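Per TrEMBL, the features are as follows:
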- Gly101, Ala102, Phe133, Asp218, Glu219, Val220, Gln221, Thr275: pyridoxal 5'-phosphate binding site (BINDING)
- Arg136: N(2)-acetyl-L-ornithine binding site (BINDING)
- Lys247: N6-(pyridoxal phosphate)lysine (MOD_RES)
Amino acid sequence: MSKSSAFDSLMTITKRPPIVMVEGQGSWLTDSSGKRYLDFIQGWAVNSLGHAPTVISQAISNQAARLISPSPAFYNQQAIRLADLLTTNSCFGRGFFANSGAEANEGAIKLARKWGSLHKQGAYEIITMINGFHGRTLATMSASGKPHWQGLFEPKVPGFVKVALNDLDAVRAAITERTVAIMLEPIQGEAGVIPASQAFLRGLRQLADDHQLLLIFDEVQTGMGRLGSLFAYQQAGIEPDIMTLGKGIGGGVPLAALLAKEAVCCFDAGDQGGTYNGNPLMAAVGCAVLETMLQPGFLEQVCDRGAQLAEGLRRLSIKYGLGEVRGSGLLLALELPAGNGDTIAEVAREQGLLVNAARPDTLRFMPALNVTKDEVALCLSLLDQIFAQSV
Ligand SMILES: *Cc1c(COP(=O)(O)O)cnc(C)c1O
């Protein structure tokens, strides 16, 4: 078959504009025509320190010159250091590293099922949330509650029971002797930045304790400083038994983590693994990212920029008669009652601003965590111009 465009050698996986990105610096992305974009998507909350930060390029080049992959059959210094940093700065006892959020969540599901087989007479069912998102492997798609995915790639992996977010009675009613865990995102990201209430999260902790269930937080999007605290669970004042991290922990490279309380770490040798898991090249990046976030003032800065962006979005919402501003820290959304999110995102891109229409009625903002005050102000003024034309 002849190819009609330069893109035809790639499988179709999503609708993409005919733009090729060639370079990124901080909050700015440049395409092959030289056009620059203020990036408030940042690879879907992945580039936590912006594009091509020096700490990451240095961590990669230093580690690449020293040791890339001794294989998971041996310990390496960077994986040990990253696990130490993560457990020291969280409520968890041990970690396992993965290459994507979906893979970390697969690990969480496997860990919960293993724990159920050891401690709960083989209980394996996991209660998850309608509209939740946990990844694109078969099991994590099955755990997800994206209505769009119903009927896709059947049969799904069994063992996931879906309930509505923030409906504690529904969770209680779904618990049976087969239930081993409850799994959710503290803020549903892909669904359009829909927060679980603090009361719901505390209620889940209580239900889990009462019924001897594991509470699993998927913090792939909310973790690593995104909400202005290192992890979202800290804001709810409770501790999950298992937490997964992805996206921001790698600052743009494929790195994810599965963390668990010591008592839950029940994998035996051979239960879990993977060729690239915990390789020192990616772990060195994770260390550089986390050490940057732990520097004094970093998280305060996330809160300040988040407040600036949220406040500006609220002003625009009032000015143009738009909807609610949701989210926390630098994971924010603006509701567009007209349902014209895709058009707005497209117009914004043409004018040099990248924002994501998570849903037709929702714009999502996920800038770099070190975005500057001027960049937030520029984003808001570009949006003001765009709404003036398009609303
Ligand atoms: C992005 C995301 C995932 C999947 O991560 P991948 O790295 O794309 O596999 C899982 N859970 C949540 C909450 C996410 O936002």
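Cβ atoms here come from the backbone N, Cα and C positions, even for glycine.
All annotation found in TrEMBL is predicted automatically rather than curated by experts.
Only Phe133, in sequence order, out of the binding-site residues Phe133, Glu219, Thr275 have a CB under 6 Å from ligand 1. Working note on the recorded positions Arg136, Lys247: by count of other C-beta atoms within 10 Å of each C-beta, Lys247 ranks first. According to DSSP, Arg136 (N(2)-acetyl-L-ornithine binding site) sits in a coil region rather than a helix or strand.
Under the three-state DSSP scheme, Val220 (pyridoxal 5'-phosphate binding site) falls in the coil class. Ranked by how many other Cβ atoms sit within 10 Å of their Cβ, the binding-site residues Phe133, Thr275 place Thr275 at the bottom. Once Cβ contacts within 10 Å are tallied over all protein chains shown, the binding-site residues Ala102, Val220 are led by Val220. Largest Cα to Cα distance within the recorded pyridoxal 5'-phosphate binders Gly101, Ala102, Phe133, Asp218, Glu219, Val220, Gln221, Thr275: about 25 Å as a whole number. The binding-site residues considered are Asp218, Glu219; of these, Glu219 has the fewest other C-beta atoms within 10 angstroms of its C-beta. When Cα-Cα distances from Lys247 (N6-(pyridoxal phosphate)lysine) are compared across the binding-site residues Arg136, Asp218, Glu219, Gln221, the shortest belongs to Gln221. Taking CA atoms as the reference points, Val220 (pyridoxal 5'-phosphate binding site) and the residue listed as 'N(2)-acetyl-L-ornithine binding site' are 13 Å apart. Sequence-distant neighbours of Gln221 (pyridoxal 5'-phosphate binding site) (same chain, 6+ apart, CB under 8 A from its CB) are Trp44, Ala45, Gly101, Glu185, Ile187, Gly189, Glu190, Gly246, Lys247, Leu331.
Across the structure, Asp218 (pyridoxal 5'-phosphate binding site) and the residue listed as 'N(2)-acetyl-L-ornithine binding site' are spaced 14 Å apart at their Cα atoms.
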